[in-house]
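Take a look at the structure set out below.
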Amino acid sequence: MSKKKKIIILASSVGAVVCILLAVVIYLTLGSKYRSEFFPNTTINGVDCSNLTIPEAEKKILASIEDYTLEIHFRGGDTESISGADFDFTYHSDGSIQSLLEQQDLFSWLSESRKEHTYTIATSYTYDEELLAECVNELPPLQTASMTAPADARVEYKDNQYTVIDAIEGNTLDPGEVLEAVTEAITGSLSELDLEKEGLYAKPAISSDDEGLAAQAALLNEFANAHVTYNLPDGSTAELTPDMLRSWLVQNEDGTYTRDEAKYEENLRNFVTDLETKTTATTGDPLFDTTLDGTISIPYGELSTYTGYQMDTEGELAALKTQIAEHQIITREPVYLTKGGGTGNHGVGDTYVELNLSRQHLWYYQDGALVFDTNIVSGSMSTWRYTPPGWYKLASKSSPHTMKGEIDPATNKPIYTAKCTYWMNFIPSVGIGFHDYDTGRSDWSSSAYIYNGSHGCINMHMSDAATLYGMLEVGTPVIVYYSEPFTLRKELSPAEKYAQNGGGSGSSTPTQAPDPTQTPAAPDPTQPPATPNPTQPPATPDPTQTPEPTDPPVTIEPTDTPEPSEPPVTSDPSQQTGG
């Protein structure tokens, strides 16, 4: 290599080094200003401090503090502002900004100047805490009158079904929590604070998407549209309503419902049992609207044959369960085993025979109108022969007819045999019925029945028996009662006498009747009982007034006759057909 070439290469190397050194000097010289200035894109507490010295930055920060306003956003779009001047908000230099400047990397100033530098200095601010608390507490949205409490989502009956009603968010805030959030925003030099985003609003305990609510709605909807209205025999109604069904559920402490199957079944059966007492004629002492004595209760005696309305308990229970499950709204009758004549007169209907044995009078109503009435003579007032009160129905009728009394065990023959033209049997078990008896009776007075009555049958004049026979149909209700208290004298039947005498060792001579003075005063025979106008149906009492039972008490007069030493022999009822 020539000397000239060596000189050129050396000069080039020196030049390169010089250029590099010059570039370094220039880079460091340009970056040296960041010893006292902040890099571009530097923000301190929300204030742009790019290329500012410490005094310039502090001055600018102080200026921003003097004009500081915090906008607070509330739910619903309301916005309130707090000014720094209201709570003596100011900046004090404490070396924090100096420390930030010293942390800048001068050797990387070129790359650092292209980055974002955001700083928050909390220790550089002072404010009056009491004034700030006053500012926050006086904000209109934080006043009690302006707040609406949240409401839990719930199940509610609406539009014929139970549905989940959405929770109400409300706008309730805790002023203490808001003050804490405002303090953090101020010390961070934030210009806005959104309380919704901060999650400061009180929340409902049960949200709209709560799975338990959906289950509650489904449970309650089993009953939402189940509403059964019953038309009862007395013309009134009974109801099974959704509210009643819901009351059979168990309500928990949290307001939710559960269904106790055993308790639910018990309540359902209790409802059906109660319904049965309102529909079944043989339950308790059924009511009856009499012609002359108002509404009375008549016991359903053991001989009664009129069943009237008899509810099918199990059938009704099954039908009700189905209708509840199918959410039916329905009006119907209960499920019956047997039905009465209609809704008139507490379920007896509008066609029936009424027998008031205290008045010795008969009335026959047809379709609600009185079409026939007459005086009668009933069974003699003794324990053996009186006509028992009760609820009956016409079992059979025949013309002509031979009546036979019960079998006398001593002779093994009926105690009597008599013929009648018109026979209408309404107590077949003991052979009691209506019949003509002109040939065998001369005393038709209203007191004849006390000592000179029949063997239990209803004696009628031939013409009256013929009229009634032509009107009555088998199955017609026959309601028998005494409107006044009565006394029964003790009289043994032939079977009782036979048993008392040791089964045939003695005679079967009838016992002598007791002193008539021991019986109640008989009605004046010369004064027939009042008979209503046949064209006028009986007055119907106010259905809302349920009278107390007025069944006349029965008194049995004591006698000197000893009690039977063994059970009496019961004669065959089928052989007894009138008397």
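Glycine too: its Cβ is placed from the backbone N, Cα and C atoms.
Curation does not apply to TrEMBL; its annotations are automatic.
These features come from TrEMBL:
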TRANSMEM  7-30  transmembrane segment
DOMAIN    351-481  domain 'L,D-TPase catalytic'
ACT_SITE  H435  active site, proton donor/acceptor
ACT_SITE  C457  active site, nucleophile
REGION    497-579  region 'Disordered'
COMPBIAS  509-521  compositional bias 'Low complexity'
COMPBIAS  522-552  compositional bias 'Pro residues'
COMPBIAS  568-579  compositional bias 'Low complexity'
Given H435 (active site, proton donor/acceptor) and C457 (active site, nucleophile), what distance in Å do their CA atoms have, once rounded to a whole number? 7
H435 (active site, proton donor/acceptor) - helix vs strand vs coil (DSSP): strand
How many other Cβ atoms are found within 10 Å of the Cβ atom of C457 (active site, nucleophile), counting all protein chains shown? 31
Inside 10 Å of the Cβ of the residue listed as 'active site, proton donor/acceptor', count up the other Cβ atoms and send me the figure. 29
Across the domain 'L,D-TPase catalytic' (351-481), DSSP labelling yields 15 helix, 59 strand, 57 coil
